[in-house]
Amino acid sequence: MSSCHDTVVHIHPGGQLVALVGNPNCGKTALFNLLTGSRQKVANYAGVTVERKEGQFRTSAGKTLRVLDLPGAYSLNPRSPDERVTVDVLHGRARGEKRPDIVVCVVDATNLRRNLRLVLAVQRLGLPCVVALNMADMAARRGLQVDADALARELGVPVVPTVGIKADGDRALRALLEDRSLWKAAQAAQEALHQDGDHHTVQTILERLGLDKAMPETASDRIDRVVLHPVIGPAILAVLLFLVFQAVFSWAEAPMGWIEGATGALGEAVGALLPEGVLRSFVVDGLIAGLGGVVVFLPQILILFFFILLLEESGYLPRAAFLLDRLMGSVGLSGRAFIPLLSSFACAIPGIMAARTIADPRDRIVTILLAPMMTCSARLPVYALLIAAFIPSRQVFGGLELQGLVLFALYLAGILGAFAVAWVLKRFGSGKRHVRTLMMELPSYHWPTVRAVATGLWQRALIFLRRVGGVILVMTVVLWVLSSFPVPPEGYTEPAIEYSLAGRIGQALAFIFEPIGFNWQISIALVPAMAAREVAVAALATVYAVGATGDEAGSALAPLLAQDWSMATALAMMAWFVFAPQCLSTLATIRRETGGWKWVGVTAGYLFVLAYAASFVTYRVALAFGL
Ligand SMILES: Nc1nc2c(ncn2[C@@H]2O[C@H](COP(=O)(O)OP(=O)(O)OP(=O)(O)O)[C@@H](O)[C@H]2O)c(=O)[nH]1
Ligand SMILES: [Mg+2]
C-alpha cells in the first residue's frame, strides 16, 4: 500500500530516456529503485504501480539518464487505464514525454512463457530494447537454468540477469546501460521482423533453450493447497486478521505509555518555564496537547503496517482476494476490486488510484465509491482514542481483548457497509450484471526481507510524522486560536471557551449534530477533520486542554472524554467515523481519477447521509439501552 504522499516526480525533458516495461509483478519497480535510488512501492502482487514514475540513473562517466518505471502490462492492447499508461509511453503518446530511447524489458525468469510474449510485442514497435532477466535468484533456486547468452541470440537483443531484491542485483544492467555501443546500436534499430504468432515463437525459443518442459511443483503450490483450501483457507484468513487487531492494542500498550509519559513531562517542563498567559496556553494546550494527542498513536499505526507489509511482501494478498472473490461477487463487486479496496486501509488515495487496474468502467467507479469506507490509517487514532476512553480493557470469551475486538468490529462495519452499498448498486443499478470470475495471478510466496519491512515502516513513520508536522499542526494552531479568542469580558461567568469563536461555531453547528448525540466540542472538531482525520483527535485535545480548569488541566485526553461524554455519544462518534465523507484530498483524488465533480458529489453526499443515519441509530439505540 502506498502512501498518501506520493513522491514528487521531477520532469527532466532533456536526456536519454530509458523505460522499464514488463508483465505485472516481474520486479520492474524493484529494479527501478536499485537503478535510481528511489523508494517506490514494491509488493508481491500484480498492479502495484499504476502511474509512470521517473528517476535518474547516473553513469560512471557522469552522464544522467532518465528512467521511467511503468505499470505492468500483459500485452500492448491495453485493457485497463494503468496498462494504457504504459502503452501510451511506448508509442510516444504520453503527454509531455518523448518516446523512450531504450526500453528495458523486465522479464520474470521463472515465467518466461508469458513474459517473452511482451518482449516480442515491444520489439515489434521498433523500439530498441534490452532484456533484464529478473528473479534470476528464484529461477536458480528452482533449478531453472536460463542461458542469458542463448536467449540474447534468439531474441537478437542483449540479455542480462538481474535480482531486484539484492543490493547489487542490477550490476549487469547498469553495465549494459553504461555501454556506449548499446546506444549506437539502438539508434540503428529497425522494426523487428517476426510478425507470425508470438505464441509459436516463444515456444520455439523455449524449446531451443531446453526450458519447455513442465515445471515441477513448487513450495508455493504446496502452501496453496492449504491456504486456498475451501474450508481451511477462510479460517486462516479470519484468524490472521483477528490476530492483527489484537496485536494493535496489546503490543502498542508499552510504547504508547512512553510517548504519553514523554509528552506529559514535556508539557509540565515547558509549562513551568513559561509565565502564565497566552504563550504558555499556545505551547502547552495548543502544540503539546494537540500534537502529542496524535503522536501517541504512532505505535499502533506501525504495528498495523508491520502486518500489512508482511502480507504484501509474502504474496498472501492475492490469495485473500481469491478466497473472498465469491463473497465479493455475490454483492456485485469484481474480484479486481479487492486490491484497491485493501490499499484503502492505508489511505483511500492510493486505493482510488489502484482502481485503474480495473478494466470495466462501471466496476471501477463502484470501487472508487466504496474505497472511502475502508478504514484508512488516519482514522485509527480516532478509534483508538474513543476505545481507550470508553471500552474497558478486559478479556472476553476466554482470552480475547475487548478493545481489540471493538476495533475489529469497526473495521468490519466499514467493510459490511461497503458490501451493502455494492449490493444496493447491483440491485438498482444498470440492469443485468454478470460477474466475471477473477482471473488473477498468484505470485510465488517469498520471505519478506528485513530491509523491505524496515524501509516500509520507516516510510510509514515519516508519512505520519510529516502529517503531524504539517496539516495537523496547522489545524491545531487554527483551533487553538479559535478556542482562545476573543477573550470574554470581565465578569463573564461561563467557561471562557464558550465565549470564544470555537465555542460559538460549535454551538451554531450543534443543531445539526445534537440529534446524533454530539456536543459542541465534537461539532467543532469535525470541521478541521475534513483536512485530515487525525485532526479530530488533535482538535478535541486542544479544545479540552484550553477549556480545562483546575485539577483537570494537564491530564490526558481519554479520561477527560470518559468523564464528559456518555457512552452513547462515544458509540455514535465511532459510527460517524466509519462512514463520514473522507478528507478533502480523497475527494480531490476522486475528481482527478473520474475527470469531473459528479462522482465527488455522489461520494460525499451518500457518505454524509450514511454517516448521519448510522450515528443517529447508534445514539438512539444506545440511549434506549440506558448507556
Ligand atoms: N526473489 C526475487 N524477488 C524479486 C526480484 N525482483 C523483485 N522481487 C519481488 O517481486 C515482487 C514484485 O516486485 P515489484 O518491483 O513490485 O514488481 P513490478 O514489476 O513493479 O510490479 P507492478 O508494479 O505490479 O507491475 C516484490 O515482492 C519484490 O520484492 C528478484 O529479482 N528476485
Ligand atoms: Mg511496479
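Glycine is treated like the rest: Cβ placed from N, Cα and C.
Whatever TrEMBL says is automated annotation, not expert-curated.
From a predicted model like this one, the values you see are computed outputs, not experimental measurements.
Per TrEMBL, the listed range annotated as transmembrane segment is 331-353 (candidates: 147-169, 170-192, 331-353, 492-514).
By the Cβ criterion (under 8 Å, sequence separation of 6 or more), the transmembrane segment (565-587) is not in contact with the transmembrane segment (464-482), since fewer than 3 such pairs are found.
Taking Cβ pairs closer than 8 Å, the transmembrane segment (365-391) reaches residues 4, 248-249, 293-294, 297, 300-301, 304-305, 332-334, 336-337, 340-342, 344-348, 351-352, 355, 358, 402-403, 406-407, 410-411, 414-415, 417-418, 421-422, 425, 464, 467, 532-534, 536-537, 540, 557-559, 561-562, 565, 567, 570-571, 573-574, 577-579, 581-583, 586, 590, 593-594, 599, 602-603, 606-607 in its own chain, all 6 or more past its ends. Same-chain residues lying 6 or more positions outside the transmembrane segment (403-425) and placing a CB less than 8 Å from one of its CB atoms are 241-242, 245-250, 328, 331-333, 341, 345, 366, 369-370, 373-375, 383-384, 387-388, 391, 393, 396, 574-575, 578-579, 606, 610, 614. When each of 226-249, 255-274, 286-311, 599-622 is scored by its Cβ pairs under 8 Å to the transmembrane segment (464-482), the top-ranked stretch turns out to be 286-311. Confidence for the domain 'FeoB-type G' (15-186), expressed as mean pLDDT, is 91.
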